[in-house]
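According to Swiss-Prot, the active site annotation covers Glu79. Taken from Swiss-Prot, the feature Zn(2+) binding site applies to His78, His82, supported by sequence analysis. Sequence annotations record features per position, and here Swiss-Prot assigns domain 'SprT-like' to 20-163 based on sequence analysis.
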Amino acid sequence: MKTPRLPIAIQQAVMRRLRENLAQANLKLNRHYPEPKLVYTQRGTSAGTAWLESYEIRLNPVLLMENVDAFIAEVVPHELAHLLVWKHFGRKAPHGKEWKWMMESVLGVPARRTHQFELQSVRRNTFPYHCQCQQHQLTVRRHNRVVRGEAVYRCVHCGEPLVAG
């Protein structure tokens, strides 16, 4: 799938939210953390990722275009919080108590670990598998691990190994 061109107005809205959240955090934490690099290269079903060492936030342009307001309100502060926790506390659990505190007490945003965006447009091909009780769809990555003998996946309901087909 070709990455969509993001309108400049959306990029500006993302940057505005990032700068507002960063200024708020710097004020509350009495720090001067720098602005992270912002890129629109995230792919797949992840809305965004925070890269600690490069101090960079990668956002999914497809999910952003499809969910502009919710994406800017939730994903931008979520990823910024990861970077701020790393700067403020060092390496901690990705969604641990420090991250939750940063989201809720510092940025004033509900601390949700996952987004609820519709994923139909970014979902890759899946492969049919089954167990004794139901059908399953495995991603390409999981399917390839099964084929190579690197993994066995089990049904969360009946506990039986999943079988292709």
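Quick reminder: no glycine exception, Cβ is built from N, Cα and C everywhere.
Shown here: features listed in Swiss-Prot, placed on the structure.
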{"residue": "His78", "record": "Zn(2+) binding site", "Cβ neighbours (10 Å)": "25"}
{"residue": "Glu79", "record": "active site", "Cβ neighbours (10 Å)": "24"}
{"residue": "His82", "record": "Zn(2+) binding site", "Cβ neighbours (10 Å)": "23"}
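Per-residue confidence over the domain 'SprT-like' (20-163) averages out at a pLDDT of 93. For the domain 'SprT-like' (20-163), DSSP puts the residue distribution at 56 helix, 24 strand, 64 coil.
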